[in-house]
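See below for the structure under consideration.
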Amino acid sequence: MPGLRRDRLLTLLLLGALLSADLYFHLWPQVRRQLRSREHPRGCPCARRASSPAPDSAAASPAPRAAARNFSRAGPGTERHGGRGSKLQALFVHPLYRVPEEPPLLGPEDSLLASQEALRYYRRKVARWNRRHKMYKEQLNLTSLDIPQQLRLEASWVQFHLGISRHGLYSRSSPVVSQLLQDMRRFPTISADYSQDEKALLGACDCTQIVKPSGVHLKLVLRFSDFGKAMFKPMRQQRDEETPADFFYFIDFQRHNAEIAAFHLDRILDFRRVPPTVGRLVNVTKEILEVTKNEILQSVFFVSPASNVCFFAKCPYMCKTEYAVCGNPHLLEGSLSAFLPSLNLAPRLSVPNPWIRSYSLAGKEDPRISSPLRWEVNPLYCDTVKQIYPYNSSNRLLNIIDMAIFDFLIGNMDRHHYEMFTKFGDDGFLIHLDNARGFGRHSQDELSILSPLSQCCRIKKKTLLHLQLLAQADYRLSDVMRESLLEDQLSPVLTEPHLLALDRRLQIILQTVERCVEAHGEQNVIAMDPSEQSAPDSSQANLTS
């Protein structure tokens with residue numbers, strides 16, 4: 001009898017322990033979420049959330065002229081030059097940045113989206129998200145106090161999409177971009193999920209073209225309370241760390257600060273081909289784990305021995321806790337890049353770069369690819385490219401040279417493809433996506449990135465004039481970049497050696513153009529804008545700068 005009583009007691013103790021564990025790990029987190037949602041209704045940033053400070057009413061809806069002034073004149077961080085004035089502000093009011101763009105925008109065919117069609121599409125997306133969110137709550141027996149999402153026509157991401165034109169992703173003085181950057185910095189998240197790349201590898205979607213991720217290349221799609229979306233790339237490398245010399249470019253880290261700096265450089269060069277990107281401190285617990293509906297993403301979160309909340313990529317290879325990203329203990333730096341319009345609205349063409357590199361450990365020494373047709377071993381390779389459609393009859397080749405100049409400045413060797421909107425045809429601008437492998441080594445200038453320029457010896461007159469301006473002391477590239485990056489929440493975004501490397505690489509570009517002019521003549525090197533009929537004015541494009 002005493003033995004039976006002891007067994008009953010042990011059974012009761014075991015059942016009690018299991019009940020306590022269930023209450024602590026399952027029911028209590030749901031109760032906490034409900035209490036939190038009542039204390040901080042959705043749509044109002046939490047007071048304790050470091051990455052989502054309470055929005056100021058004046059900042060949330062600035063006057064259009066004030067917003068345009070903030071964007072084109074460098075914003076609030078420009079008065080830090082000891083009374084010498086803002087070089088960035090002076091740059092954006094220079095006549096080169098005021099010249100009307102050609103050809104002029106004449107009608108709907110020059111805009112990427114038809115506004116009414118786009119708004120109908122976005123309303124359907126919002127309604128479908130609300131239905132799925134309601135079903136998800138019902139499946140978990142959660143009482144939701146959330147207000148259904150509504151599409152706001154004045155939302156900055158909507159206006160950004162509607163503003164994309166034949167000239168670029170945004171106009172020079174667009175007030176929308178400043179507001180979009182601010183909204184991505186401060187709005188709370190309402191969902192988090194893997195990107196299409198990870199989903200394709202997990203068999204969750206059918207994606208015809210993906211960039212294979214690994215455990216060290218983790219990115220997530222975050223949706224904000226205004227229903228806008230952004231690609232989140234977490235911090236993987238400290239700013240003062242250089243990419244090891246033994247690393248191949250295709251296994252290099254993806255750096256969040258490189259994405260941020262690439263957007264600012266693209267804007268300074270007047271390309272406007274990089275989606276707006278901003279830095280943010282994200283609370284990985286509240287703004288990712290607690291809002292995601294993806295069970296696989298939920299399963300990869302854990303608490304490290306240092307009591308930091310971490311998560312890692314879920315993919316077929318290299319997906320281990322050793323490659324996790326961790327908060328401190330919850331806050332994690334990352335870049336947020338605004339999403340472009342859906343492919344259903346604005347189809348994009350993904351084209352292999354004619355100067356694509358070898359993605360094998362053998363490199364150009366591999367006998368299978370070391371042929372006279374390869375650009376690495378054939379200095380006349382560009383002559384072959386010029387005979388191939390569409391490089392033989394459009395501005396596509398000049399746009400690729402623009403892209404090569406941009407990649408050389410940031411040190412990006414990983415431009416294997418480029419994308420463009422199909423609506424704008426062969427002469428449409430190239431979208432400079434995925435710049436996270438830039439700014440890896442400030443001590444090395446990879447001259448092979450400039451091969452399209454050095455082999456073809458062609459450059460747009462507009463591009464050359466901007467480069468020459470940025471080589472002058474009053475508009476020095478490193479100075480205007482340093483000032484522009486002060487606007488970001490994660491400043492300093494780049495270390496000083498990376499900023500100084502921009503000046504050095506700019507001089508290398510100008511010297512390359514000068515050698516081309518000496519060899520082929522200015523008329524054959526400097527390409528006129530389509531609207532110009534006369535030869536380039538040598539007094540304006542002075543190659544001796």
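Here the Cβ of each residue, glycine as well, is placed from N, Cα and C on the backbone.
Residues or ranges marked as region 'Disordered' in TrEMBL: 38-85, 524-545. Per TrEMBL, compositional bias 'Low complexity' is recorded for 45-74. Annotation comment: TrEMBL describes Lys233, Ser337, Ala338, Phe339, Leu340, Glu419, Asp434 as ATP binding site. Sequence annotations record features per position, and here TrEMBL assigns active site to Asp414. The Mn(2+) binding site annotation in TrEMBL covers Asp434. Among the features that TrEMBL reports, compositional bias 'Polar residues' is placed at 531-545.
Positions of the features from TrEMBL, shown on the structure.
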residue: Lys233; record: ATP binding site; Cβ within 10 Å: 27
residue: Ser337; record: ATP binding site; Cβ within 10 Å: 26
residue: Ala338; record: ATP binding site; Cβ within 10 Å: 25
residue: Phe339; record: ATP binding site; Cβ within 10 Å: 17
residue: Leu340; record: ATP binding site; Cβ within 10 Å: 20
residue: Asp414; record: active site; Cβ within 10 Å: 19
residue: Glu419; record: ATP binding site; Cβ within 10 Å: 17
residue: Asp434; record: ATP binding site; Cβ within 10 Å: 23
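Using a 10 Å Cα-Cα cut-off from the residue listed as 'active site', none of the binding-site residues among Ser337, Ala338, Phe339 qualify. Our reading of the ATP binding annotation (Lys233, Ser337, Ala338, Phe339, Leu340, Glu419, Asp434) yields a largest Cα to Cα distance of 20 angstrom.
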